[in-house]
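These features come from TrEMBL:
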DOMAIN    B:27-595  domain 'Cytochrome oxidase subunit I profile'
TRANSMEM  B:44-66  transmembrane segment
TRANSMEM  B:93-119  transmembrane segment
TRANSMEM  B:140-158  transmembrane segment
TRANSMEM  B:187-209  transmembrane segment
TRANSMEM  B:229-255  transmembrane segment
TRANSMEM  B:288-308  transmembrane segment
TRANSMEM  B:320-341  transmembrane segment
TRANSMEM  B:353-378  transmembrane segment
TRANSMEM  B:390-412  transmembrane segment
TRANSMEM  B:424-450  transmembrane segment
TRANSMEM  B:462-483  transmembrane segment
TRANSMEM  B:511-531  transmembrane segment
Amino acid sequence: MGFRKFINSKTLLSFITAFMLLGTNLLMAQTEAAATTGGQTDAPQVDWTGVAYYVLLFFLVCLGVAVIGKILKIYDLTLKIQGKKGMKWNTVMAVICLVFLLAGIYGAYWSFTVQGSMTLPEAASEHGVKIDEMFTVTTVLTMIVFFITQILLFGFLFQYRHSDKRRAHFLPHNNTIEKIWTIAPAIVLTVLVVFGFFTWQKIMNTTDTKGDINIDITGHQFAWELRYPGKDGVLGPKDFRMVSAANKLGVNFKKRSSFDDLQVDTMYLPVNKSIRLNIQALDVIHSVYMPHFRVQLNAVPGLPTFFKFTPTITTAQMRTQLDDPKFEYLVYCNKICGGGHYNMQKVVRVVTEAEYQAWLSRQKPYLNDALRKELHFAAADQPKTESQNRLALNN
Amino acid sequence: MSTLAVHDHGVAHHDDHGHEHHHNQSFLSKYVFSMDHKMIAKQFLITGITMAVIAMILSILFRIQLAYPDKTFPLLTTLLGRFAPNGRISADFYLSLVTIHGTIMVFFVLTAGLSGTFANLLIPLQVGARDMASPFMNMLSYWFFFMASVVMLSSFLVQKGPASGGWTIYPPLSALPKAMPGSGEGMTLWLISMVMFVASSLMGGINYVSTVLNMRTKGMDLWKMPLTIWALFLTAILGILAFPVLVAGVVLLIFDRSFGTSFYLSDIVLNGVQQPYEGGSPILFQHLFWFLGHPEVYIVIMPAMGISSEVMSVNSRKPIFGYHAMVYSLIGITVLSFIVWGHHMFVTGMNPFLGGVFMITTLIIAVPSAVKTFNWLATLWRGNIRFTPAMLFAIGMVSFFISGGLTGIFLGNAALDINLHDTYFVVAHFHLVMGSAAIFGMLAGVYHWFPKMFGKMMDEKLGYLHFWLTFIGAYLVFFPMHFMGLDGVPRRYYAFTEFVSMQRWLTVNTFITWAAIMAACAQVAFLYNFITSIFIGKKATQNPWEANTLEWTTPVEHLHGNWPGEIPTVYRWPYDYSKPGAEEDYIPQTVPFSQTMSSNQAHDFEDNPKGLEELNKFNSTLKANEQVK
């Protein structure tokens with residue numbers, strides 16, 4: 001055994017002395033350094049004692065393991081000298097397998113109850129409820145399989161641990177049982193596929209209907225920009241060539257529908273109204289993720305996409321439900337997009353229709369003064385001339 | 001028959017040169033530019049382990065950031081310099097760590113380290129060949145892999161740091177050097193490294209396939225091959241078909257980055273500046289990437305499945321249950337893995353109808369996976385289980401494969417994926433099903449074939465310690481992550497401090513980090529065991545596990561050409577363990593049926609009417625004798 005070389009009093013002693021010396025040396029160096037650089041605090045100092053402490057701790061653990069290994073070895077040898085069989089490692093491992101199984105089942109149960117309760121609250125959208133139903137069904141089915149197979153796996157390990165007295169049962173195959181466990185999962189999966197397929201089609205294959213609220217959400221490094229349509233209910237078209245300092249999204253002001261568009265900071269949604277999120281990105285791929293509504297779709301530059309959903313629970317209702325007065329729905333980025341990826345959020349508020357209208361009337365138009373100046377507009381509603389267009393393009 | 005031709009050549013070679021030839025090899029040709037498949041396997045293994053340790057350290061670094069986002073560790077500044085200013089890993093470097101951890105683990109450890117090691121070691125030894133079909137190409141394969149590793153690691157030395165767009169390197173993030181620091185030279189190095197890696201993988205793969213198809217020994221028909229060979233063979237086919245598509249994707253990305261094309265780029269305004277790209281599609285890259293990327297996860301897991309099947313059969317002292325079903329499910333997985341790639345792209349803006357189709361194919365692939373799991377369980381049933389470290393790791397592989405595979409049913413369902421995509425649920429899923437499971441398969445292989453590789457035994461007790469700490473550690477790390485995902489916590493976030501709703505996961509993150517550190521420390525037991533056993537391990541016997549396969553008929557001392565005399569002939573399948581009527585509880589493949597009349601069964605002669613006749617004759621005389629008595 002490899003330990004042998006380490007386990008003799010001399011090397012052990014020298015190891016420990018070496019570490020003690022190292023530790024004290026570092027400690028001294030540390031205090032000295034602290035003394036000399038007393039005034040300067042610009043760069044944080046490395047706490048070498050701490051490092052040495054952990055290294056020492058690790059070596060002590062290794063040492064402990066080595067000692068236990070040695071003891072076991074000696075115990076094993078003594079047994080053999082006495083003419084016994086030596087340690088039955090197969091039995092030891094089989095027992096550990098059983099212990100692991102029991103501890104594992106308890107751990108999984110604990111995790112399900114404690115951490116499982118920390119997961120998202122009920123879906124706050126119409127389609128989300130269907131997704132949650134599917135989720136529950138899938139969870140129940142898979143958990144049954146999970147517990148049965150793991151119990152069988154570790155149970156068999158314990159039950160059929162090695163014994164010199166018997167031989168394994170020669171069983172190369174059994175076509176009947178193999179057919180059963182090919183067909184059974186196939187049937188279960190077919191059921192899941194069929195339901196999943198139709199749910200998915202229903203969620204994604206949406207058509208435009210009158211009365212949808214169009215909201216434009218555009219991702220860039222590292223924020224979301226929101227644009228609401230004005231009174232006409234139509235969002236003006238965009239063109240990335242028209243992006244400028246004041247026209248961040250590149251809204252095309254050749255079209256009349258652009259003129260009354262609103263720029264907003266918080267995404268307000270009226271409850272029980274069909275929302276059509278028009279999703280785009282300016283620079284790299286982002287992902288619009290609104291987990292409470294079970295909404296996610298990537299924002300891809302050059303590929304406008306949309307997601308339709310209907311929020312069903314207002315922020316206020318959710319706050320009372322969760323007993324959390326500070327609760328907010330959020331939209332955040334869920335596709336790696338650069339250094340600021342981890343903080344690209346916007347608040348989403350689901351409100352009643354009346355609150356929504358009141359809020360909407362307070363929002364400022366996208367065509368603000370700076371943009372007007374840039375586009376050389378005298379008045380908001382004045383149609384542009386050819387030359388102004390060109391200027392806009394040059395910007 | 002080509003088998004015979006090769007075989008004859010090998011024998012002649014031996015007779016002519018004898019042993020001097022081998023002993024006169026220079027250090028360079030024996031250890032460095034070796035063309036012996038066993039040495040190349042060891043080179044792959046040691047490089048793979050080195051890369052694994054590096055990738056593991058990277059993961060500990062970013063785990064520290066996730067556990068203590070507000071704490072400063074001056075030591076990190078000392079170690080990482082500008083990447084960790086003021087004792088905290090920077091956001092950009094965090095993404096680099098995640099990216100390189102993923103890349104190294106998926107490609108360098110679980111593809112090259114796993115397939116490279118065990119295909120090289122086992123294919124010639126288990127099919128009965130003197131070496132690979134093309135030893136020279138085999139050597140090139142290793143050295144390309146080595147260069148790819150060096151280039152990948154060298155990206156830590158460039159000013160702006162390594163690639164940091166995630167291991168999937170989606171453009172435009174990876175295509176625009178100004179989008180993030182890692183998309184500069186670091187990304188260029190990543191791409192160069194990857195092209196070399198694919199070249200290595202292709203040279204290896206072609207070798208594996210041609211060796212399995214052409215160089216099997218007498219009697220070794222396809223249905224007598226061990227499951228390891230089947231798995232490695234199908235893996236190689238997958239690699240040959242899938243990797244070139246990655247190269248195509250990568251080359252187009254290089255064009256976009258360096259030569260101003262717009263394959264993947266369109267309508268981009270970066271930091272307020274319009275970019276001159278039009279007409280490309282970022283989705284195209286995703287299709288090309290995942291056309292490799294999905295088969296890749298099976299490239300990773302199939303060798304682990306093959307190794308586990310073999311190890312579990314040997315140590316349960318039982319034939320693998322449903323050998324044919326195991327092979328057909330491997331073939332099924334191989335074929336299906338090419339038509340499921342879209343399930344990585346349900347919410348990328350791909351046509352929703354395509355999403356539906358990919359969902360159907362994805363859930364179909366769960367069926368062969370389920371069959372394999374049930375067959376493993378049936379293999380253990382009524383076995384006589386020996387707990388070698390290899391066996392424990394094979395069992396761990398099955399356990400992880402179940403746990404991680406089941407969550408695949410959630411993610412493969414497009415409707416559920418809407419809310420789970422790119423969250424920690426995904427992280428938990430793939431780290432269990434392909435990360436931990438494949439690593440455990442690999443470790444099972446290392447423990448099992450270590451005596452074959454180095455002629456020494458590894459220490460069993462340290463193996464036990466290594467197994468339990470790693471096994472428990474991996475579950476502690478990845479199990480809680482499912483619930484984080486269900487709470488909508490996204491992956492690849494530098495810190496969860498900015499979201500009030502995510503701050504309550506901080507304690508869980510700290511717990512996960514400490515579990516990861518424990519599991520990482522456990523690897524020291526393995527490394528110590530591995531390295532010391534090479535030099536001072538107990539000398540191995542020829543067949544330490546009492547296994548049936550051909551590699552255990554070779555002498556313990558390696559020699560070029562594997563068998564000193566003629567290559568043995570194979571008469572039976574590799575899983576005759578605990579056959580009733582046999583003297584021992586194993587019958588090697590090289591034992592003809594004529595020597596085991598008492599244990600033969602009608603089943604053994606399904607396609608051999610003459611043998612069946614002999615068996616009937618034998619049985620009837622046996623009966624007659626008994627009646628006489």
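Glycine too: its Cβ is placed from the backbone N, Cα and C atoms.
The shown structure was predicted, so the numbers you read here are calculated from the model rather than taken from an experiment.
Within its own chain, the transmembrane segment (B:320-341) is flanked in space by residues 223, 227, 230-231, 234, 237-238, 241-242, 287, 290-291, 293-295, 297-298, 302, 305-306, 309-310, 312-313, 358, 361-362, 364-365, 367-369, 371-372, 375-376, 378-379, 381, 412, 573, 575, which lie at least six positions past its ends and keep a Cβ under 8 Å from the stretch. Outside the transmembrane segment (B:187-209), and at least 6 residues removed from its termini, the chain residues within Cβ reach (under 8 Å) are 103, 107-108, 111-112, 115-116, 119-120, 123, 132-134, 137-138, 140-145, 147-149, 151-152, 154-155, 158, 162-163, 165, 169, 174, 177, 232-233, 235-237, 239-240, 243-244, 246-247, 250-251, 253-254, 257-258. Within its own chain, the transmembrane segment (B:353-378) is flanked in space by residues 305, 308-309, 312, 320-322, 325-326, 328-330, 332-333, 336-337, 339-343, 345-346, 398, 401-402, 405, 408-409, 412-414, which lie at least six positions past its ends and keep a Cβ under 8 Å from the stretch.
Looking at which of B:44-66, B:229-255, B:390-412, B:424-450, B:462-483 has the most CB pairs under 8 Å to the transmembrane segment (B:140-158), the answer is the stretch B:44-66. Taking residue pairs at least 6 apart in sequence, the transmembrane segment (B:288-308) and the transmembrane segment (B:44-66) share fewer than three C-beta contacts under 8 angstroms.
Listed as Cβ neighbours of the transmembrane segment (B:424-450) (distance under 8 Å, sequence separation of 6 or more from its ends, same chain) are residues 45, 48, 52, 105, 109-110, 113-114, 117-118, 121-122, 297, 300-301, 303-305, 307-308, 310-311, 314, 388-391, 393-394, 396-397, 400-401, 403-405, 407-408, 410-411, 456-458, 463, 466, 470-471, 474, 477-479, 481-482, 484-486, 489-491, 526, 530, 533, 545, 551. The predicted model assigns the domain 'Cytochrome oxidase subunit I profile' (B:27-595) a mean pLDDT of 93.
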